[in-house]
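S.K.: I am attaching a structure below and will ask some questions about it afterwards.
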Amino acid sequence: MNTELQPKLEKSAVNFQAKPRKQKIRKDPNAPFIREKLELPDGHNKLLLHSCCAPCSGEVMEAILASGIEFTIYFYNPNIHPLKEYLIRKEENIRFAKKFGIPFIDADYDRQNWFDRAKGMEWEPERGIRCTMCFDMRFEKAAEYAHKHGFPVFTSCLGISRWKDMNQINGCGHRAAEKYDDVIYWDYNWRKEGGSQRMIEISKRERFYQQEYCGCVYSLRDSNKWREETGRQKIEIGKLYYSAD
C-alpha cells in the first residue's frame, strides 16, 4: 500500500543557484556549486523521480530543486536484499527528502514478485538481462504511478552511477513510458557537468549510508565472492557510512 510523506518545506543553507546552460561548473569543491537550469520535456513542470537510494538521488534532487521543478520521489525497489539493507536505504532517502520537504511515495516491497521474475537469471552478470528485468520491473511501476496520479514525466537517478549502463537504463525507461499516451520518460544525463562527483560530495556532506553492492541478493553474492578471492572482508550490512573527510 502506498503512503505519502509530505513534510513542511524547510529552508536550506545549501546553494541551489541555477544558471543558464552556457555557464561552467566551478571546480573548487568549497565554492558555491553553480548548476545549469533544467527543463522537462515538452514544457512540463511536474516530475516523478524514481529513486533507488539517497547517494544516487542526492545530486539529482538538488539539481531538480535548483531549477524550480515540482517533483515527488517514488521509492520502489523490491530487488534490494536483505530487508535490513532495504530499510536502511529507504530511511536514508526519506531523511534527505524531509530535509527539503519533498513528497515521498513509499511503494510496496514486492520482493517475491522480483524473485519470480528473476528465475533463470540467477547467474547472469552485472549489466546483463537480469538487470534489464530489474529496471523494467521498477520503471513499469513508476510509469503506472505517473499515469494514475497525473505526472506527465518520470525519470530515475539510477543512471548517475558509473557502475550502471545508461543506455540499458534509458531503454527500460522509454519502454515503460510507451505504454501510456500521457507519460514521458526523461532520459537526462545526470553524470554530466560533474554530476557523478557532486553525488559523492553530497553523500559525504550528508553522511549517507554507503552501500557496497548494487542491491539484489545475487549482487551481494558476487561482491562477497570477489572480496573473498581478493582477501577483503565480506560486506557488513548497515556498517559503512560516508565521512566528511
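Residue numbering: from 1, along the chain as shown.
Cβ atoms here come from the backbone N, Cα and C positions, even for glycine.
Copied straight from Swiss-Prot:
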BINDING   CYS52, CYS53, CYS131, CYS134  [4Fe-4S] cluster binding site
DISULFID  CYS214-CYS216  disulfide bond
S.K.: Which three-state DSSP class does CYS134 ([4Fe-4S] cluster binding site) fall into?
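M.R.: In the DSSP reduction, CYS134 ([4Fe-4S] cluster binding site) maps to helix.
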S.K.: Taking the Cβ of CYS214 (disulfide bond) as the centre, count every other Cβ atom within 10 Å, in any protein chain shown.
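M.R.: If we count other Cβ atoms within 10 Å of CYS214 (disulfide bond), we arrive at 22.
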S.K.: If one looks at the chain holding CYS134 ([4Fe-4S] cluster binding site), which residues at least 6 apart in sequence have a CB under 8 angstroms from its CB?
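M.R.: Expected: ASN79, TRP114, ALA118, CYS216.
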S.K.: Give the sequence-ordered list of residues that share a chain with CYS52 ([4Fe-4S] cluster binding site), lie 6 or more positions from it, and have CB atoms under 8 Å from its CB.
M.R.: ASN77, ARG89, SER156, CYS157, LEU158, GLY215
S.K.: Taking 10 A as the limit, how many CB atoms besides its own sit near the CB of CYS53 ([4Fe-4S] cluster binding site)?
M.R.: 26
S.K.: For CYS131 ([4Fe-4S] cluster binding site), list the number of other Cβ atoms lying within 10 Å of its Cβ atom.
M.R.: 24
